[in-house]
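Report on one structure; see the data block that follows.
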Amino acid sequence: MRILRLANKIIEYGFYTLFFATPLLFNPSRTLPSFELFEWNKMMFVYALTSLIVSSWIAKMILQRKILIQRTPFNLPLLLFLLSQGLSTLFSIDPHVSIFGYYSRFHGGLLSTFTYVLLYFAFVSNREVIKINKLLSFALASGALVATYGILEKFGIDAQMWVQDVRARVFSTLGQPNWLAAYLVVLLLISLGVLTAKFKDQNEKLQFKKIYHFGLSFLILIFYICILLTKSRSGFLGFWAANAVFWMGTFMVPLFRHPGKSRLNGTHPGSETITDSGRTSFARMTTFIILNSLFLILNFFVRTPFPQYNQYLTTQLFQKEPVPEEKAPVGDSVINVGITDSADIRRIVWKGALDIARAYPLFGTGPETFAYAYYKYRPAQHNLTSEWDFLYNRAHNEFLNIAATSGFLGLGLYLLLIISVIIWGVKSLLTIKQSNNKTILIALLASYISILITNFFGFSVVIIGLYFFLIPAISFALVHPEYTSDKSITVNPPQYILIALILGLTIYAWFTLGRFWLSDSLYAKSHALTKQNNYREAYSYIVAATNFRSDEPVYHDERASIASNLAYVALENQSATLAADLAKEAITESSQALKTSPQNVNFWKTRTRIFFLLASVEPTFIDEALSSILIAQQLAPTDAKVAYNVAVLYGRAGKNEEAIATLKRTIDLKPDYRDAYIALAIFYQDEKQNPKAKAILEEALRKINPDDTEIKQRLEQIK
């Protein structure tokens, strides 16, 4: 039937497109910008294709009058993990974020996890129409484009587009060096598997095989060069660990033969003669030696992410002059000034993640709520790092992130899924008959292990999530290429009406995604104009965004901030009525945002700024500003900047004693907080306590910077 063939083609090429196009998508447009250029567009694309694939799958079921859901070893672990995410969302501190994902990440919420699980079932249940070789070819072709672009970034092909120094650490179309490295490691290992499997294919012409082997080998080196250019330590470690797994599997698995099968005569489809086996083993060994030697040579010229290694075993291929390794500054102050090592920051964040998990042991705080939960359990020592005022919306360890946001139940079921995949994979290697598929399966397992390693030092993003959930599906299709449906029922309603209904739902889903994407674009324009202080034009865009999607609290928060600034401008222009209307709108919009996300610290900070600004319209609003920042302090008790602002607002409210006490606590939280020392000195002077003001400024000179000109001038002014 024509409709059935069309459904099969949509499913087949839908998956090919998913693996090819998703890594390439980002939005540098200024006409229709995205707030987040990379992950947002990838996630929207995955949603759109999933709706198309799943609709076609359902259409097949209607036409065949069967429930086409394949039973696999991973069904139960996947569904249990999805259930844990649902329960965690139900008890979340912010259900909206737990469903849709943290704004600017978007991946990791219940909706995205549900999407990946749907894709898994759609893949295994329709695997007879998906050609694995073609799928992997599309994936590798996409990776080739991504890696080539990444290498060109090293030479400044798009340096003018980014605020970040992309030449120092390339990120290509993924948006972040560690994400790019994690993605390329997966593809590098798959390409190793494809290359090694080709040695066993006796049906191809010799000339074609030589060209194919050379092309794949070149692609592998391109992938590795780009991984080195990301300077990602997690990617580097993930590759070498998974590379070891791949080659150990490649050499060891052939030693285990099926019982009762001869090694001489090749009596089953997966067997090899001694002559063919010897040739294949020699080719594998040669490839192992050549490729790994080339990797080490590339380490020497391109440099690795590890200074200890580079000191003795590298040179500078891409640099005209040697670049000294970064060293921590040395000085007499209590706090060394410099860039804190990312490993040290990770350890602090991991401690906070564990504290969250202990506080919410069963279901966690809810998927994607780490940003809000971390504020409350953030170790005070985070204030002593160079990223002390950064917002951390992930734990930079996928396992701890799941423990914090989904509880130990979610983590346990996540680990159950991983263990199920690995155990099943190892068992399948000992039973699979087709030797080429066996090699590809080893590569898929190695790439899966690489994801676990890179996720341990970072976190999953859209393309990694796609591979995490679909590598098991691809592996199952390799081991069980035949399809048998487990259940069948007779569908009573007219088939064409049902298919039309499914088509209508798909169109509606795409329409909804279009509205989501457009509202984000309007928000991005508004946000950019706000940074330029163009509040009037920004206001029109944010109003349109909230009209398109009224359920998004981020838009209401932005609208509140813009309206408060316009109210201030209107008051300056002596438009009292307009100022009052805008002030009312600002408060209403802020309340709407907090109604949806009451534990969002940033929304309380925005509300504080709004009331502080509106105090020019109505002086009593300063008390509302103080109340708002005090709530923010309850949610973020170790945040030194919040504590500092509490003190400032105490001062504006005429409560100098409370301001002084708060500033003392602020300095305890962050002993190198220069502004806190100066503010405390000012309050001491206001209270006629000049000796204390002098003492605190002298302490600042000792602990922070003995040559601080402003502090020295203030000391001279104190009598």
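In case you wondered, yes, glycine gets a Cβ from its N, Cα and C as well.
The shown structure was predicted, so the numbers you read here are calculated from the model rather than taken from an experiment.
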**Message:** If you look at how TrEMBL annotates this chain, which of 75-93, 569-587, 626-644 comes out as transmembrane segment?
**Reply:** 75-93
**Message:** Cβ under 8 Å, sequence separation of at least 6 from the ends of the transmembrane segment (45-63): give me the contacting residues as numbers and ranges.
**Reply:** 1, 3-4, 6-8, 10-11, 14-15, 17-18, 21-22, 25, 111-112, 115, 118-119, 122, 125-126, 462, 466, 491, 495, 498-499, 502-503, 505-506, 509-510, 513
**Asked** Mean pLDDT, the repeat 'TPR' (640-673)?
**Response** 96
**Asked** Would the transmembrane segment (180-199) count as touching the transmembrane segment (282-302), if touching means at least three Cβ pairs under 8 Å and pairs must be 6 or more apart in sequence?
**Response** yes
**Message:** With pairs fewer than 6 apart in sequence excluded, do the transmembrane segment (7-25) and the transmembrane segment (445-476) have three or more C-beta pairs that lie under 8 Å?
**Reply:** yes
**Asked** Using DSSP, what's the helix, strand and coil tally for the repeat 'TPR' (640-673)?
**Response** 27 helix, 0 strand, 7 coil
**Prompt:** Between the transmembrane segment (75-93) and the transmembrane segment (399-424), are there three or more C-beta pairs closer than 8 Å, counting only pairs 6 or more apart along the chain?
**Reply:** yes
